[in-house]
Amino acid sequence: MTDQDWSTWASVPWAPVTDSSTATSSGNIIGWHKQRVPYVPGDHCLSLQTLDVWIPASGSETDSQIPPQTSDLPKLPGRWLVFIHGGAWRDPKVDSSSFSAAALKILSIVTTRIPKSGWTVPLAGMASLNYRLSPYPTHPEDPSPPSDPGATPDPARQAKHPDHIQDVLTGIAFLQRLGGALGSYLLAGHSCGATLAFQAVMNPTRWGLENPPVIAKPSILLGVNGLYDLAGFIAHPPRGYEHLRMAYDEFTRAAFGDDVRVWKAACPATAEAWPKDWIEGKRLYLVDSEEDTLVPNDQIEALRKFLWANSSLPIELRGAPGGHDEIWIKGDRLAELCLEAVGRLDLRQGIRVELLPEDDPYYAIGMSMLTLTPM
């Protein structure tokens, strides 16, 4: 840890997070949030080389209302979870804030609801990473490069593999130098963020990086509506998804270039023998949204087939309602899954957390928002 790391961390203040998740919320502070902290110290940090951090409020009711020191990352008991957003490696409208709804729900659960049940979830903090994006010249609102030939392209949106995974590793390494996400932690990702999560546990020499960031790897991966076999989809799109072939081909070439061998090496259903790189791995969660019209279930099936042949890691399959992005837009189901996985990091106490819908009679009378089941 360098003085420059701490100076960069301290440049963004903590902001309070209040329990605004229900109509009857008290407005009490349930956590603290740092937004868009640069993880590349100094003047070389680009606009998308940042991360968000949330920590739960702790201690007595009075103490929980007092903000941490700006320069501190409090050493709270428990585990960390780190999230990587999706957006096909190029969408400027999908960023680290896509975890905000789930983070609010998680903070509400671990600080106000689970303690009342007599259970505890060992959560110390959460982080959501931004990373450089690939060009998206056809984006309807914010094309990159800009449609105006006289405008200067944003260098944070000119990335090509392995720039994306280099940023993810750099962000995690920065967080770990501060004391976060050490030991056993959960790494989760949505869509292409799930691809990046799997890349993060592979040997970084695969990407040809000079002096790659060194990280302590997670114990559990959680992939949500992930892209696991790009070459397979583009070559043979499944029935009902044929109309997406050109879009997949476009964003894959923008992110990885034209060499199909590079596509295969970057995807966890086709990268050669990558489970051998992840000796820290304890468990995988693979999540599929029921009404996903952008990523077919075939992507999970391709990864499962690969893992059955190349790994003995336990695989937990989970479902989610709604379409491709609904899981992070609403946040409830993503929060449930993250808490379940975090609970499995402590093998002495694994839990499954299910949020009751607002029309449930127990919710309506304020009995509980949770069903907690020992695993």
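Heads up, the Cβ atoms here are built off N, Cα and C, so glycines get one too.
Because the structure is a prediction, the values reported are computed rather than measured.
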Name the residue range among 85-89, 155-159, 190-194, 275-279 that TrEMBL annotates as motif 'HGGXW'.
85-89
Measuring Cα to Cα, how many angstrom lie between His324 (active site) and Ser191 (active site, nucleophile)?
8
Specify the count of other C-beta atoms within 10 Å of the C-beta of His324 (active site).
19
Roughly how many Å separate the Cα of Ser191 (active site, nucleophile) from that of Asp292 (active site), to the nearest whole number?
11
Determine which residues of the chain contact the region 'Disordered' (134-161) at the Cβ level, with the cut-off under 8 Å and only residues 6 or more beyond its ends counted.
46-49, 89-93, 167, 207, 251, 254-257, 262, 266
Specify the count of other C-beta atoms within 10 Å of the C-beta of Ser191 (active site, nucleophile).
29
